[in-house]
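Working notes for the structure below.
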Amino acid sequence: MAGLGIWMGFVSLCLLSVSVSGLLQRLEHPVKADGSLSLMVIGDWGRKGTYNQSQVATQMGRVAAKLNIDFVISTGDNFYDDGLTGIDDPAFEISFSKIYTAKSLQKQWYSVLGNHDYRGDVEAQLNPILQKIDPRWICQRSFIVDTEIAEFFFIDSTPFVDKYFLKPKDHKYDWRGVLPREKYLSKLLKDLEIALKDSTAKWKIVVGHHPVRSIGHHGDTKELIRQLLPILEENNVDMYINGHDHCLEHISSRSSQIQFLTSGGGSKAWKGDMDKDKKDGIKFYYDGQGFMSVELEETNAKVVYFDIYGKVLHVVNLPKGLGTSVSAI
């Protein structure tokens, strides 16, 4: 219990961090004694344990224990089908607290919002009061996690996508805090660009819900290719991590060093739903459930994809400044 108290104190310190500029608050997370960092990445998961969410969580716990992870990243769509109804929605505990129960997963969870989260009470997911229910939970629209060895730039990707505004079908989206949309996106992009330019971290990693590149069900996000990708390329971003497509995927950029890494297999997966004709830069695609681990050192990054049984599906080794070496298992 003493360790948990220290950890909760650290959470409080994080929340008191001073914002960088405008939208992007900076949170600090310590690295290991040797300067390295390890973490898990899971996306598209919150289904009250169904669609094998519980089984994925079990394997996550086992891998997290072996790696002694520092924190977990959620790439969004945290609660299906329509986000949370409020801060007292039991889905928060049923889909999160009571699922990811392994001791190794009792670390900070840094989360972004997905499009399904925007169909509920967005302010509920963002409300710090949820930390009184489960102190692991930190969810903001856009923010930075500074770990010394790496900076993680979390961005709110849903407001970029035109169809949610122009053709919402029968869905209702909670756009409080986003409108007027053009002003919101312009400020987000400006703040992100400034933060990336000012970063001196060894590794620059951007996290969003929607993919920039994907051959899955949703495919490339054209709005992100047009508005976000040039900023990522100009500022030497190493990885863009996302969910949204319910798969595991690795695409290597042809025009820059960026690795596009999808971890959206936290529960329901879409078997066989992929564009087999789009092969540009494709290194790995798995249309099943699973998750991803990331290990960072000064001169090397290692990304590993696991399936629902904990089997290693694909390994990415990224020597810093020496190009990319990819090995698949």
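Even glycines carry a Cβ here, placed using N, Cα and C.
A TrEMBL annotation is a machine prediction, not a hand-curated record.
Annotated signal peptide per TrEMBL: 1-22, in sequence order.
Per TrEMBL, domain 'Calcineurin-like phosphoesterase' is recorded for 39-247.
Remark: Asp77 (Fe cation 1 binding site) has Gly43, Asp44, Trp45, Gly46, Gly114, Asn115, His116, Asp117, His209, Gly243, His244, Gly264 as non-local neighbours, by Cβ distance under 8 Å and separation of at least 6 in sequence. Among the features that TrEMBL reports, Fe cation 1 binding site is placed at Asp44, Asp77, Tyr80, His246.
Under the heading Fe cation 2 binding site, TrEMBL lists Asp77, Asn115, His209, His244.
Within 10 Å of the C-beta of Asp44 (Fe cation 1 binding site) there are 30 other C-beta atoms, taking all protein chains into account. Listed in chain order, the extra residues whose Cβ falls within 8 Å of the Cβ center of the Fe cation 1 site residues Asp44, Asp77, Tyr80, His246 are Gly43, Trp45, Gly46, Arg47, Gly114, His116, Gly243, His244, Gly264, Gly266, Ser267, Lys268.
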